[in-house]
Amino acid sequence: MPATCLLHTMLTLPSPSTRNLRSIQMPRARTFSSPSRYRNGFEHAGCRCQGSTLSQIYSSLGYSGLQASQVNEGYEHLIHMLGHSREAMQLEAGAGVAIREGFKVVDQFLKDVQHYYNSEAFSVDFSKPEIAAEEINQFIAKKTNDKITNMVKDLDSDTVMMLINYMYFRGKWDKPFDAQLTHKADFKVDEDTTVQVDMMKRTGRYDIYQDPVNQTTVMMVPYKGNTSMMIIFPDDGKMKELEESISRHHLKNWHDKLFRSSVDLFMPKFSITATSKLKGILEDMGVTDAFGDTADLSGLTEEVKVKVSQVVHKAVLSVDEKGTEAAAATTIEIMPMSLPDTVILNRPFLVLIVEDTTKSILFMGKITNPTE
């Protein structure tokens, strides 16, 4: 199968990021993740898994029927395509393999993860958990420009290998907000809680769609380059219904029905960090062998029988008037004379950072309280 066809297959299949949104929601709390990173983490591991362990991983990712070589080649092509967006934004994605000193790993595994997943291998002394955690955290912090720190904690001294995946995104708004228009405003967290936020304002031409069936407003706020923020803003009191029903079909339908219109957009500044332990979620999705004594990870090592103990995911996003980096250019936008739509994000909403060319979801999150 050609790489471009395979990539299309991988991107159009249901993904854990949308198919199992209910699994990762945390009521009354912020939720944030990088679906492409935790998906890549198991593609990374699946690179050399065998038998039912591999089958379960691929089934959870929507890759049933694909061979490991096809998935590897598809992901390699995806990384290449994402690389074309890097001039106008800073997008760094990669992986690492922390290996116990003296532990023998199958050479082909290291070659494959380096070639297909841009992965770096390094040795650590897991028999000294605190020192090992510090070294791994330094690796992650360096790769994410110090945005993700202290991710690894409470290491088991019996650990023989840790697979690491990271993504760092720093984008400039295509049309920045004017900081002089930012003002204090109320944000309704829930029926009992209202907080004051720094509310940004901009009037401009945006792609927008108001879904009467799902009682949701969807709009795209573009970054420079090939990346946009998709804002999903349910009507008051409809967030729970949306979270319980949202799927990849909804995202595609909304995207297809977007149209360009004048919009008065009010959006709070926010910064969000979330850490998730994904073992329970993955087990609910059918990935069980990898965590048990029946795990077949013989493609990683022939030395001893090993299993996956935990999968930890951490993601960070900051949003302000300039995006996440100051923009020096001044732009003038020609507006039609018709009255603009008004979108005021003054209650919880969902955000997705989407790479426009591949339709990859780089990050996704639920903003419940912008002040936290």
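FYI, residue positions are counted from 1 along the chain as it appears here.
Glycine residues also receive a Cβ, built from the backbone N, Cα and C atoms like all the rest.
Looking up the ranges 88-107, 108-127, 148-167, 328-347 in Swiss-Prot, the one annotated as region 'RCL' turns out to be 328-347.
Following the DSSP three-state reduction, the secondary structure of Asn214 (N-linked glycosylation site) is coil. Mean per-residue pLDDT, taken over the region 'RCL' (328-347), amounts to 63. Every protein chain shown contributes to the tally, and the Cβ of Asn226 (N-linked glycosylation site) ends up with 19 other Cβ atoms within 10 Å. Under a cutoff of 8 A between CB atoms, and with a sequence separation of 6+ in the same chain, the neighbours of Asn214 (N-linked glycosylation site) are Pro234, Lys238, Glu241, Leu242, Ser245, His250.
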